[in-house]
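Asks: My questions all concern the structure below.
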Amino acid sequence: MSQQVIIFDTTLRDGEQALQASLSVKEKLQIALALERMGVDVMEVGFPVSSPGDFESVQTIARQVKNSRVCALARCVEKDIDVAAESLKVAEAFRIHTFIATSPMHIATKLRSTLDEVIERAIYMVKRARNYTDDVEFSCEDAGRTPIADLARVVEAAINAGATTINIPDTVGYTMPFEFAGIISGLYERVPNIDKAIISVHTHDDLGLAVGNSLAAVHAGARQVEGAMNGIGERAGNCSLEEVIMAIKVRKDILNVHTAINHQEIWRTSQLVSQICNMPIPANKAIVGSGAFAHSSGIHQDGVLKNRENYEIMTPESIGLNQIQLNLTSRSGRAAVKHRMDEMGYKESEYNLDNLYDAFLKLADKKGQVFDYDLEALAFIGKQQEEPEHFRLDYFSVQSSSNDIATAAVKLACGEEVKAEAANGNGPVDAVYQAINRITDYNVELVKYSLTAKGHGKDALGQVDIVANYNGRRFHGVGLATDIVESSAKAMVHVLNNIWRAAEVEKELQRKAQHNENNKETV
């Protein structure tokens, strides 16, 4: 009988560590709700003790996610576990994930400890976590380089202490698939109480083997796989969840396991993560790359036309990719736009129909026909800009030629006041940015700029993603328009609003901290 493999998503914890700019609470929640819709069993959404912002993110997600178990990370440190529990207590169901290094190298050079001390600490911390929840996961950091006898001792002790999931990470992506399968098999042979816990794996892609190692572990008996959408993560990334999920589905004949994932949501979730995290998906990326279902060879094209199964082991539709693109025009009504969004799988709660329709009409007037990819881009940008705005682009104009310095004039609404400035720059985009900096006095430093076409042809929407540095912190901004300079200006204004909102959040956190301190003094 087929057994279920639990899908543990760590996009918002381990995956976020790869980003050049931290995600806002709203952006994290948007991804969390998409993961819930996709059907992940567990989502690890942060490391609450690391910062007040991470604590708030975990708490916000724990309060709103209902159908997936929410998890937070904690070192084998009392404060970590207590803070994780505090952030999660609003959830309907939650898990605490605690970890400690077990390899000789890490124990000697990082922890400056002994294996016996590590085991003692693991036991104590697992028991502490069990005081808050009956769902405790324990990870043996750098398990891939831990001798199997040592690893078995730690695992047995953690299970006896109350751990219900034991995670075996290949922390540095060093292990080969046959080795990793041997580790899992070895634990089943050596740990007498292993049937009392679920064995999980967490692999990294330093040698390009993360997915292979995870599947080898599943074949050897692991029943939870940890990873991130699109494989994002530190260094070369995490195990790519969509690849593992589809491999399990396509090769159920040999693996004899299944997941509870809604496969129809894979493509949309992948695209959302890519857009919010500002990490483009390579065209040749398995499952979700733009070329994953493309056939250019004449022989292949002929074979696909005769029978798709000749060269396709899965269909685009199986991951929710609808290849039929319908177009709307400025004569299409609000109901037609809503109907198309419904057909693409969007719920009304995921976008504001009034705002989307207004943006649709403006775009339709410019380019005539609006396609599915245009609607999705407009819905995404609309969601990103739903929060209160302190800054708003009122007007801009640019003068530029091949031989002269570009000049830009910009009007920016700053709260209730409209300010205007002009500036020169090395090209039209730089001139606009110089003018905006003069208006705000923020002195924002551009770190990364990227442009992506949303659609095809000369009238395609251009999405500009930027990362900017301000006071030692990095902020992400995104803008969308058929004009590249306008997209660029909107992206910078988005950055300014994110800076302003971050400052407002910091003020609110300080106010709450002061309020709590005053209450303590009163008591």
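Cβ coordinates are placed from backbone N, Cα and C, and glycine is handled just like the others.
Below are the features I grabbed from Swiss-Prot:
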type: BINDING; residues: Asp14, His202, His204, Asn238; note: Mn(2+) binding site
type: DOMAIN; residues: 5-267; note: domain 'Pyruvate carboxyltransferase'
type: REGION; residues: 392-523; note: region 'Regulatory domain'
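For each listed feature, how buried is it and what is near it?
Replies: His202 (Mn(2+) binding site) falls within a strand segment according to DSSP. All protein chains considered, the CB of His202 (Mn(2+) binding site) has 29 other CB atoms within 10 Å.
When averaged over the region 'Regulatory domain' (392-523), pLDDT in the model lands at 87.
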Asks: Suppose the Mn(2+) site is Asp14, His202, His204, Asn238. Which further residues of the same chain have a Cβ inside 8 angstroms of that site's Cβ centroid?
Replies: Thr10, Pro169, Thr171, Thr203, Ala210, Glu226, Gly227, Ala228, Gly233, Glu234, Gly237, Cys239
Asks: Where does Asn238 (Mn(2+) binding site) sit in the DSSP three-state scheme?
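Replies: In three-state terms, Asn238 (Mn(2+) binding site) counts as strand.
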Asks: 10 Å Cβ neighbour count around Asp14 (Mn(2+) binding site)?
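Replies: Summing over all protein chains shown, Asp14 (Mn(2+) binding site) has 24 other Cβ atoms within 10 Å.
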Asks: Using DSSP, what is the helix/strand/coil residue split across the region 'Regulatory domain' (392-523)?
Replies: 52 helix, 55 strand, 25 coil
Asks: Under 8 Å Cβ to Cβ from His204 (Mn(2+) binding site), same chain, six or more residues apart: give me those in sequence order, or none if nothing qualifies.
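Replies: Pro169, Asp170, Thr171, Val172, Gly173, Ala210, Gly233, Glu234, Arg235, Ala236, Gly237, Asn238, Cys239 - these are the non-local Cβ neighbours of His204 (Mn(2+) binding site), listed in sequence order.
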Asks: Give me the count of other Cβ atoms within 10 A of the Cβ belonging to Asn238 (Mn(2+) binding site).
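Replies: The answer is 30 other Cβ atoms.
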